[in-house]
Structure formats: C-alpha cells, structure tokens
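J.: Sharing a structure below in structure tokens format, with a few things to ask.
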Amino acid sequence: MIKRIAILGSTGSIGRQTLEVVDRSEGRLTVQALAAGSNWKELLAQIEIYRPRLAAMMETEAAERLAEALWERGLPIPVVTGEAGLAEAACLPEVDTVVTAVSGAIGLGPTMAAIEAGKEIALANKETLVAAGPLVMAAARRREVTILPVDSEHSAIFQCLQGQDRRLARLILTASGGPFRDKSLEALHQVTPEDALRHPNWRMGPKITIDSASLMNKGLEVIEARWLFDIDFDDIEVLIHPQSIVHSMVEFADGSILSQMGLPDMRLPIQYALTYPERWQTGWPRLDITKTAALTFRRPDLERFPSLELAITAGRTGGSLPAVMNAANEVAVHAFLDHRIGFMDIPRIVREAMEAHEWQKEPDLPAIRQADAWARRFATERVGEGREVSA
C-alpha cells in the first residue's frame, strides 16, 4: 500500500510529527502537498526534503517569500495562498488522504472541501467538528468519506470499537489535567503563559497546550466525540488521568470496559490514522506495564476549570453556539499567550460571548462563519476591557 497525503499545518506540532511518521514509512507514505500559516522558512526546509507537488500558505506575504526562495533554488513548485489555497492543496487529484493539522476554526473550510472532493480525512483539527459537526458528518456520509481521528483520545475509542457490537453504555475520555491540575483556584489567577506551556506529558503546539491547561481542550473533545461516534452527551464522561497511559475507554451495554493504552506519543495515533486498517511496526519507545506506576482517575473540578463545562454546555445547546464558544476561546487564548489577559479571563470572555450571542438553531455553513466572525469581534473587544493580567 502506498498512500499519498496532504498535510495542512505541516509546520505545527502534529504536522512535524506526521512527517516523522512519513520518514519511517519506507516509501509507503508520500507527501503530495504541504500547507502552513506563516512559517515559510520551515515550510521551505520541508519542501526541499519531501518535494511536494503543491505548497500553500495562509499569509500572502509569507507565500511570496516562499515562492521567491523556491525560485532561487530552482524548485518549480507552485505556491497558493489563503484558505482557498489550503483547500486547493487538500483537493489535489494526486492526494488520497488529507491530514488536517491546522489549529483553530480555519480548518473547517479546507476540510469540507476535501470531503466534497472525496478525500479520506485524518482529522487532527477538532475545531472543525466543534463548529460544524452536523454539517461535516452529513457531508462525509453523503460523499462516503471516511474520517479517521488523530486525537489520541478519539483514536483510542475508534480502536476499541473495531469489531465490536456498537451497543455502547458510555465513552470515557481521559485528560491529563494539564500543568495546573493540582493548583488552587486562587493560584490559577496568577499563572503565566510560560507556566501553562509546560505540559507534563504531551508534546503539542501552544494553543492546544493552553486549552489543555484550562480543560477547554477536553470540552472540545467531548463535542468531537459526540459527532464522530454519534453518541449523546449524557453518555460521554471525562476523567482526570494524570499518567496519560490510558488514552480513553469504552463501556459497552453489558458493563465491559475496553481501553487503549500506550505512552503519550502522538506519532502512534497519527500513524494509525494513516495506515488503518493496518498496523505498522515502529521503533519508538513502548509501554512497559511492569514499570508503570499506579494508574489513577478522578473527576474534574468544574469550579477551578469552568472552560470544560462551558464547552459541554455549548455542545449540548448546539446550533451556532459551539462555533461562538470556540472562536471566543481562540481569541482569548492568543491574548493570554501575548500577556494581554490573565488565565482565568479566558473562561470569562468565552462565557460573555456565549451569553451575548443571538443563537441560531440550525445554521448553514455561511451562518456558522458569521457566528465565528461575530464571536471573534466580541472577544477582541472584551480582551481590552476589565482584566486581571498576571504580574
């Protein structure tokens, strides 16, 4: 089997680890298109190694710099720009599977385009299903497109369901709890971006690392699981599991529970999504269960981590609210990373956006984009108002 792939977000954490998987594939995975946001220098280095047919960049100026550098090196690889450019990379005829590894709701358009083009989707961009889960899954069914999860938790559930009777009792999503899982509510008001970026277990990009620290990431994953596995919110539970060894669990109607275990290494679910239904040998470190300390689980504290409850509330409400919640969170997280607001301002801004939004029950894609844009404007205004920036 040779699979031809496009990687949207190739210079990010998931994108770089996807290329590590490609490197070990012995030619069974080939890169046809690479896309990034603004890091044209790293994308140039990747192009020199993997020689894709097409390159895409979100930012126009970065695309111009990349095109100039490619011309100077005698590499006749076309460069396209913007969201339309990402969609063009995703829809390239020579591509079999699209790895959507971009961060944020910007992944929605290219993912939908890839689905309409009949491409298999290796989904690492959870915001796509958060913002437009019903529309995305309906399009995938209509086009008979397979969506394979890359998130470790959803990959774990997907693996546990293979060959099983689908009469489920519940899904159990595990969360490391992030770097602040044992901090008091008072202490959370003082944490800095540098504190939040020190994740104890996983190697991830900055936005998702902050979401992990606030437990917003787990709330987004609850919504993603609802749509990927067609299960009610009442049947999805979140447990804090500090060791990050059990990646998620499935409880069946008879009370049996299956789990998928392994070291916290994103290359494993990435490879599984790209090679499914096969399993390829790896040379990466493996879990030695005899050397593993006790595995512990506890329920999350929603008072200290209100973002989790906000996300689940948005998911239960549905309609346009998940897109608003997600967009407001993106703005707030980037403001926190820039030291413009405090950590606990993130859920405050998200809550205010959700409360102010004029809800739509069944938005189409343009309406979802409008809700997203409104929430970004609203959250941006709130960033400049009353805040508790850490010293």
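First residue shown is number 1, and so on along the chain.
Backbone N, Cα and C atoms are what each Cβ position is placed from, and that goes for glycine too.
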J.: Swiss-Prot has D151, E153 down as binding Mn(2+); which of E72, E83, E221 does it also list for that site?
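T.: Answer per Swiss-Prot: E221.
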J.: Quick check: of G177, G178, G205, which does Swiss-Prot put in the same NADPH site as T11, G12, S13, I14, G37, N39, N125, E127?
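T.: Record source Swiss-Prot; matching candidate: G205.
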J.: For the 1-deoxy-D-xylulose 5-phosphate site that Swiss-Prot gives with K126, S152, E153, S176, S212, N217, K218, E221, which of H189, H199 also belongs there?
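T.: Given K126, S152, E153, S176, S212, N217, K218, E221 bind 1-deoxy-D-xylulose 5-phosphate in Swiss-Prot, the matching entry from H189, H199 is H199.
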J.: Rounded to the nearest angstrom, how far is the Cα of G205 (NADPH binding site) from the Cα of H199 (1-deoxy-D-xylulose 5-phosphate binding site)?
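T.: Taking the Cα atoms only, H199 (1-deoxy-D-xylulose 5-phosphate binding site) lies 10 Å from G205 (NADPH binding site).
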J.: Given the recorded Mn(2+) site (D151, E153, E221), which additional residues of the same chain have their Cβ within 8 Å of the Cβ centre, ordered by sequence?
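T.: After dropping the recorded site residues, what remains is K126, P149, S152, H154, S155, L173, N217, K218, E224, A225, S248.
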J.: Would you give the longest CA-CA distance, in whole angstrom, between residues of T11, G12, S13, I14, G37, N39, N125, E127, G205, the set recorded as binding NADPH?
T.: 21
J.: Here are some binding-site residues: K126, H199. Which one has the most Cβ atoms within 10 Å of its Cβ?
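T.: Counting Cβ neighbours within 10 Å, the top one is K126.
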J.: Using a 10 Å cut-off, grab the number of neighbouring Cβ atoms around the Cβ of N125 (NADPH binding site), all chains included.
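T.: There are 27 of them.
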J.: Could you tell me the C-alpha distance between S13 (NADPH binding site) and E153 (1-deoxy-D-xylulose 5-phosphate binding site) in angstrom, no decimals?
T.: 17
